[in-house]
């Protein structure tokens with residue numbers, strides 16, 4: 001065996017993560033309390049992680065060569081998994097922009113609203129948001145697309161604003177944690193070494209029943225709203241929606257996500273040019289802008305992965321795994337603890353993509369020790385991360401929804417009607433408990 005020469009700092013090895021949380025979350029909280037217009041802009045996440053990373057490189061093992069610590073960072077920041085993640089998220093951004101410029105995003109919204117009876121608009125809003133988020137892989141993109149439509153429907157059809165707002169937020173997060181092209185799915189699967197197809201097929205068995213139960217509950221609630229009036233949806237073109245369907249079908253069939261996104265982007269661009277929506281160079285510019293919008297996630301993934309490797313080298317990750325392990329009695333308790341960890345980190349960081357990047361290495365350590373299936377690990381991390389994102393007041397989707405809602409609703413009113421996260425977490429615990437009992441039998 002290789003002789004152990006590094007110093008084990010124990011809990012102190014997690015100081016870089018604590019510094020990041022204090023800088024990023026602390027500044028966010030302070031400027032939110034002060035009523036700043038964009039509280040997250042005062043301490044950018046990249047700056048916070050850079051300060052934490054420099055602390056990890058400079059103040060730990062001061063007698064060790066700086067180049068040695070840099071090699072630990074570089075070897076992990078640029079590993080194959082991170083490079084694959086970076087390529088996929090940038091391609092996903094390019095695909096979403098290509099479909100948007102061809103008219104696909106507006107078409108899928110207008111198609112959905114034209115198919116839903118007016119008295120069932122709230123469950124319809126949830127369903128449409130869920131479908132859109134599953135197709136485009138982002139809650140933010142879905143909220144940006146659906147929230148203005150939702151509150152137009154609220155005003156025109158006299159809907160319950162709190163219920164409609166909750167429906168659009170939770171529906172948007174349905175696909176965020178499930179979509180094959182979503183950052184959460186990609187990060188969770190890559191982080192624990194699971195196949196995205198396997199993770200999708202495991203998680204959909206929980207997410208779809210939870211969504212169905214949510215739709216039923218919203219439908220029953222909507223029956224009391226007798227004042228709903230007919231809404232005239234905008235125009236749509238089925239052809240522009242085809243890239244979404246092709247990407248979803250090919251990804252579920254198991255084709256490599258890079259190829260799936262490449263085909264989807266080419267198809268969306270070709271449709272846009274054929275319909276006269278955009279020229280070749282307009283499509284290229286849109287794809288480039290979409291890729292640029294995801295650069296931060298690619299770079300952040302590298303920085304986080306390298307920093308986590310340093311924390312592992314200093315003994316921080318081993319200490320956390322040991323502390324968590326003391327409370328784990330079985331595979332089921334391991335899964336539950338990983339879910340709680342994912343929920344708490346997301347609640348602190350206010351970004352499910354970032355929290356998944358931080359939680360995944362720890363979850364993998366615990367999962368390997370207790371032989372938890374990798375697809376279950378990835379699914380549990382995703383479910384609890386998006387659940388936290390749905391309910392925290394400082395989440396971007398929540399703040400955007402409240403801004404568009406104006407005086408028609410408030411945070412507590414939205415929380416009151418958040419059915420999906422409660423059902424989703426409940427079903428996850430039930431399924432894992434049943435599976436654990438079967439394994440023990």
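Even glycines carry a Cβ here, placed using N, Cα and C.
TrEMBL annotations:
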type	residues	note
TRANSMEM	12-31	transmembrane segment
TRANSMEM	43-60	transmembrane segment
DOMAIN	48-221	domain 'Na+/H+ antiporter NhaC-like C-terminal'
TRANSMEM	81-101	transmembrane segment
TRANSMEM	121-144	transmembrane segment
TRANSMEM	151-174	transmembrane segment
TRANSMEM	200-221	transmembrane segment
TRANSMEM	233-253	transmembrane segment
DOMAIN	246-427	domain 'Na+/H+ antiporter NhaC-like C-terminal'
TRANSMEM	259-283	transmembrane segment
TRANSMEM	295-316	transmembrane segment
TRANSMEM	336-355	transmembrane segment
TRANSMEM	376-394	transmembrane segment
TRANSMEM	414-434	transmembrane segment
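Most Cβ pairs within less than 8 Å of the transmembrane segment (200-221), among stretches 121-144, 233-253, 376-394, belong to 121-144. Counting same-chain residues at least six beyond the ends of the transmembrane segment (43-60), those with a Cβ under 8 angstroms from any Cβ of the stretch are 7, 9, 13, 15-17, 19-20, 23-24, 27-28, 66, 69-70, 73, 296, 299-300, 303-304, 306-307, 310-311, 314, 351, 354. In this chain, the transmembrane segment (376-394) lies close to the transmembrane segment (151-174): three or more C-beta pairs between them fall below 8 angstroms, excluding pairs fewer than 6 positions apart. Taking pairs at least six residues apart, the transmembrane segment (81-101) and the transmembrane segment (12-31) share fewer than three Cβ pairs below 8 Å and do not count as touching. Remote same-chain partners of the transmembrane segment (259-283), defined as residues 6 or more beyond its termini with a Cβ less than 8 Å from a stretch Cβ, comprise 88, 91-92, 94-95, 98-99, 101-104, 180-181, 237, 239-240, 242-244, 246-247, 250-251.
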